[in-house]
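Chemist: This is the structure, below, for whatever I ask next.
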Amino acid sequence: MRIPLIAGNWKMNKSVTEARHFIEAVQGKLPTADTVETAIAAPALFLQTMLEANQDDVLKIAAETCYYEDEGAYTGETSPKALHEMGIPYTIVGHSERRRYFNETDDVINRKVLAVLRNGMTPIVCCDETMGRRETGEKIHWVVNQVSAALKGVSAEDAAKIVIAYEPSWAIGSGNSASSDQAEDGCYLIRQTLADIYSDEVANGVRVLYGGSVRPDNIAGLMTRDNVDGVLAGGSSLDEQSFIQLANYQNL
Ligand SMILES: O=C[C@H](O)COP(=O)(O)O
């Protein structure tokens, strides 16, 4: 059984103080991890404060990115080794904003996936899709290529542990979520790609999330779909009450 994962991605928002207040506010209000797992990915400079405020340890504190080397002369980068040492379990890799604004290529994303796994963490690998490609029917190649490139050299054993997020660019921050049919299509395609690369067993164990304008008023419909195992929410994860609602979507 795949335990749903409701994850937030704060991007470059909030201050350290606001981050601490958020974590304090959600204590005791999130489902226990054996029913629905919850995570917030935040800028690296907030993580220690968030870990310290996370007294009940239900919420997973995650990173938004990291570098693909463990240490060395890479000014300004975040070490996956150091993240693991802090107790960070998840790191987002290959978000479309990293691809677009920081020129992350499939090769860089693949190296980061390998680095996150090598350091005992789980990558949340983001898979993008542009409106133009969706309309011209190129979606299949685009999604399949991104998943295949990101997982190059990843063993079946490691692949079984990863999380993949299907995040169409046209839905991110637009207020227009994919419909539940579109989300299911994208997540199914990713699972089929995993089955082709590895096996049905691996594909059926991997959690595939949908991301793009997920809100408390549309999460329940998305989560009814067979291949949608959770969400990666941006804007609606910034407010604690909204995130608590997302996490408790089964009661909405
Ligand atoms: O990682 C999260 C996605 O970029 C979605 O962001 P959004 O919920 O603000 O559309």
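For all residues, glycine too, the Cβ spot is worked out from N, Cα and C.
The following feature annotations were taken from TrEMBL:
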BINDING   Asn9, Trp10, Lys11, Gly173, Ser213, Gly234, Gly235  substrate binding site
ACT_SITE  His95  active site, electrophile
ACT_SITE  Glu167  active site, proton acceptor
Chemist: Which one, from the binding-site residues Gly173, Gly235, has the smallest tally of other C-beta atoms lying within 10 Å of its C-beta?
Modeler: Gly173
Chemist: So which binding-site residues out of Trp10, Gly173, Gly234 are up against ligand 1, CB under 6 A?
Modeler: Gly173, Gly234
Chemist: Go through the recorded positions Trp10, Glu167, Ser213, Gly234, Gly235 and tell me which ones have a CA within 10 A of the CA of the residue listed as 'active site, electrophile'.
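Modeler: Qualifying among Trp10, Glu167, Ser213, Gly234, Gly235: Glu167.
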Chemist: To test your reading of the substrate site: which residues beyond Asn9, Trp10, Lys11, Gly173, Ser213, Gly234, Gly235, same chain only, put their Cβ within 8 Å of the Cβ centroid of those residues?
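Modeler: The answer, listed by sequence position, is Gly8, Asn13, Ile172, Ala233, Ser236, Ser237, Leu238.
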Chemist: For Lys11 (substrate binding site), write down the residues of its own chain that are at least 6 apart in sequence and whose Cβ falls under 8 Å from its Cβ; none is a fine answer.
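Modeler: The answer is Glu64, Glu97, Gly234.
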Chemist: List the Cα distance (Å, whole number) between Gly173 (substrate binding site) and Glu167 (active site, proton acceptor).
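Modeler: Approximately 11 Å lies between the Cα of Gly173 (substrate binding site) and that of Glu167 (active site, proton acceptor).
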Chemist: 10 Å Cβ neighbour count around Ser213 (substrate binding site)?
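Modeler: By my count, 19.
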Chemist: Cα distance, Glu167 (active site, proton acceptor) to Asn9 (substrate binding site), nearest Å?
Modeler: 12
